[in-house]
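Comments concern the structure below.
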Amino acid sequence: MTTIIAFIFVFGLIVFFHELGHFLFAKRAGIMVKDFSIGFGPKIFAYRKKETQYTIRLLPIGGYVRMAGEDGEEIELKPGYRVGLELTPEETVSKIIVNGKDQYVNAQPIEVSLCDLEKELFIEGYEDYDDTKKVRYQVERDALVIDGKIETMITPYDRSFNAKSLGNRAMTIFAGPLFNFILAILIFTALAFVQGGVPSTDNTLGNVLPDGAAAEAGLKKGDEVLSINGKETKSWTDIVQNVSENPGKTLDFKIERDGKTQDIDVKPATQKENGKDVGKIGVETPMDSSFTAKITNGFTQTWNWIVQIFTILGNMFTGGFSLDMLNGPVGIYTSTQQVVQYGFMTVLNWTAVLSINLGIVNLLPLPALDGGRLMFFLYELVRGKPIDPKKEGIIHFAGFALLMVLMILVTWNDIQRAFF
C-alpha cells in the first residue's frame, strides 16, 4: 500500500508540474484553456471555474492541458439550424441552445442564416422561424453553446492557440519540460535545507565514526587532509581514492588542525565491494552547510543530472539500443517500491530525478512530444509560415501510434523483468 501511495504521489506531482507549466504560460499568452487534467481514464473529480474544467482521473500516468484551437475543434452553426438564444439585459447572446431548448423557456427561437463565433462574434437569423423577422445579435465572448447536457464555451479567435505569436506558442509548449526542471530544483534545494547542507568536495573530513580506523588513529571532523603518503590531496575524491586503493595498509595522513600541521598514521579496514577488497576508515563525506551552498544545490544537482541523462542517451544510440535500457510505468513502480524502503527523503530525491527524465524525454524531437512540436515551430521560423495543420496532425498521430507501440513493448518487458 505504501508503494502505491508513493507511486501516485511521485507521478502525480511530476505530471502536475508539467501540465502547470503549459497552463500558466497559456494563460499568460491569453490562450483559452478548456481542460486541465491530471491522469487518464474515468473522472474521479471534476471542477469547473470560468472557462476551464479541472479534472483528476483514475490512472495517474499522465495528464494534459487542452487549449482552444489546438485540436482543430470548431463550433459551426450552419444556415437553417434552429436554435434558442438566451439574451442578456443588453440584448447580447449569453447562451446558444442547440439541443434541449424545452429546458430554456425564456430562450428566443431563431433560424440561423449567418453566424460567426470566432472573429466578429454575431449570429443572424429569423426570429420565431419567421423569414419576415430577420434579427442580428452580438454574441458574448464567453457565451456557451448548449447541446443537451454538454456545455461548450465559444472560442474567440484571438483566444485560440494558433492566433498567438510564434514565441508565445513555443514558450507555452516548452513550459511543460521547463517546470519539470523547476520541480527538480525546488526538491533538491529543499532537501539541502532539511539535511543541513550539501556534500562538499573539499579535502576535509566529515563526521568520524566512533569505531572506525580514523577514530582509532585520532583523526577528527574538520581536519584538512593535505597529503596521503606524500601525495597531495586537493579534494574529498582524492581522499576516498587513496583510502580505497590501500586496504589494510598503513597510510601517512598529513593534516592541518587548528592552524597546525601534523602527521597521523591510519590503517584502513578491509571491506568487500562488488567482490573486490577496498579500504575504509569510517569517515563520512564533509557537508557544506552555508546558505549559498544550500540555495545553489538545486541548480547544480539538476544540471548534473541533465548532463548525466544526455550522456546515457548518447551512449544508447552510439552503443546499441535495447528495450532493457527503458522503463515504463511498471518499471518505475518497481523502482519506487525499492526507493520507498529508504524513507521519504529518498522518495523526494527519486521524484526530482524522474522529473528531470520526463522533462528531457519530452524535449526529444519526436512527433507527439513537446520537442516534436517545438521542431515544427523551428520549421515555421525558418520557412516563414507554419506547416499545413493536416500534415502536422498526421505526423503527430503517426508518432503517437509509434510511441504507444513502444510503450506496450517496454511495459511487457518491465512485467517480464518484475515477475518472471
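All residue numbers here begin at 1 and follow the chain in the order shown.
Placed from the backbone N, Cα and C atoms, the Cβ positions cover glycine too.
Source: prediction; values computed, not measured.
In the three-state DSSP scheme, Glu19 (active site) is classed as helix. If you take the C-beta of Glu19 (active site) and look for same-chain residues 6 or more apart in sequence within under 8 angstroms, you find Phe36, Ser37, Ile38, Gly63, Tyr64, Val65, Gly176. Annotation source Swiss-Prot lists active site at Glu19.
The number of other Cβ atoms within 10 Å of the Cβ belonging to His22 (Zn(2+) binding site), over all protein chains shown, comes to 26. The Zn(2+) binding site annotation in Swiss-Prot covers His18, His22.
Taken from Swiss-Prot, the feature domain 'PDZ' covers 176-267. Mean predicted confidence for the domain 'PDZ' (176-267): the pLDDT average there is 93.
Look at Swiss-Prot and you will find 172-194 (among others) tagged as transmembrane segment, backed by sequence analysis.
Residues or ranges marked as transmembrane segment in Swiss-Prot: 304-326 (among others).
Annotation source Swiss-Prot lists transmembrane segment at 347-369 (among others).
Residues or ranges marked as transmembrane segment in Swiss-Prot: 393-412 (among others).
Here the domain 'PDZ' (176-267) has, by DSSP, the following mix of helix, strand and coil residues: 33 helix, 25 strand, 34 coil. Cβ neighbours within 10 Å of His18 (Zn(2+) binding site), excluding its own Cβ and spanning all shown chains: 27.
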